[in-house]
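Colleague: As listed in TrEMBL for this protein:
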type: BINDING; residues: Gly11, Ala12, Gly13, Lys14, Gly15, Thr16, Arg128, Gly174; note: ATP binding site
type: REGION; residues: 31-60; note: region 'NMP'
type: BINDING; residues: Thr32, Arg37, His58, Leu59, Val60, Gly86, Phe87, Pro88, Arg89, Gln93, Arg134, Arg146; note: AMP binding site
Amino acid sequence: MLNIVLFGPPGAGKGTQSEKLIEKYGLTHLSTGDLFRKHLGEGTELGKLARKYMDEGHLVPDEVVISMVEDKISSTQGSKGFIFDGFPRTTAQAEALDQMLSGNAMKIDGMIALDVPQDVLKDRIKERGKTSGRADDQDEDKINTRIKVYLDETLPVAKYYENQGKYKSINGVGAIDEIFGAISEVMDSY
Ligand code: AMP
């Protein structure tokens, strides 16, 4: 089993690279943003709760995210492993993930962080907003909030995995296939 955290700020390309990774390595994609958007689309109570935070670019409370991830892991049978995308986003989430995995005799093998400068992120998110239909991709203030939330609350998660000797950083600027090649090299080293 191989369990990877694909890490990076909003607009770093985590979704794009995850799609390629699940195809190449046959892993299960676990994107908390996608799971929340699914709930939103289906109009569930969880979706309604998450929307208030998502639309403003804030984080959904830890306990809500953690129990959603727990459900997803326990309902996925026979997986070769997970690509965690957009999770964990706080140190509390990272600790909860370690706990829930060890309870199932699983562990995180590594974190791969996509390194992209802020000005590139903003341009990419705005470009994505033209077609994604995402409210949080279309408003300059919300984009700035999401980047600030990343710096304040999510960046410490990189340190958490670095302390465990599991952190690898990749240049996230360039052609999609070039970046994927660099990620694949790290994947193949596990
Ligand atoms: P994403 O698609 O990963 O950019 O996520 C979109 C939004 O969903 C974020 O801005 C948050 O409001 C919410 N979200 C996704 N993942 C998490 C998480 N791990 N913790 C808290 N909120 C999250």
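From the backbone N, Cα and C atoms, a Cβ is placed for every residue, glycine too.
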Colleague: Mind tallying the region 'NMP' (31-60) by DSSP state, helix then strand then coil?
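Modeller: The composition, in the requested order, is 21 helix, 1 strand, 8 coil.
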Colleague: On average, what pLDDT score does this prediction assign to the region 'NMP' (31-60)?
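Modeller: Reported value for the region 'NMP' (31-60) is a mean pLDDT of 96.
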Colleague: Output: those binding-site residues from Gly11, Ala12, Gly13, Thr32, Val60 whose CB lies less than 6 Å from an atom of ligand 1, in sequence order; none if no residue fits.
Modeller: Thr32, Val60
Colleague: Write down the Cα-Cα distance for Lys14 (ATP binding site) and Phe87 (AMP binding site), rounded and given in Å.
Modeller: 11
Colleague: Neighbour count first, Cβ atoms within 10 Å, every protein chain included; then name which of Gly11, Gly13, Gly15, Gly174 tops the list of binding-site residues.
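Modeller: It comes out as Gly11.
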Colleague: For Gly11 (ATP binding site) and Arg89 (AMP binding site), determine the Cα separation and express it in whole Å.
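Modeller: One finds 14 Å between the Cα atoms of these residues.
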Colleague: Looking only at C-alpha atoms, tell me how far His58 (AMP binding site) is from Ala12 (ATP binding site), rounded to the nearest Å.
Modeller: 18
Colleague: When you measure from the Cβ of Ala12 (ATP binding site), how many other Cβ atoms are you left with inside 10 Å?
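Modeller: Ala12 (ATP binding site): 24 neighbouring Cβ atoms within 10 Å.
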Colleague: Quick one, of the binding-site residues Thr16, Thr32, which Cβ has the fewest other Cβ within 10 Å?
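Modeller: Counting other Cβ atoms within 10 Å of each of the binding-site residues Thr16, Thr32, the minimum falls on Thr16.
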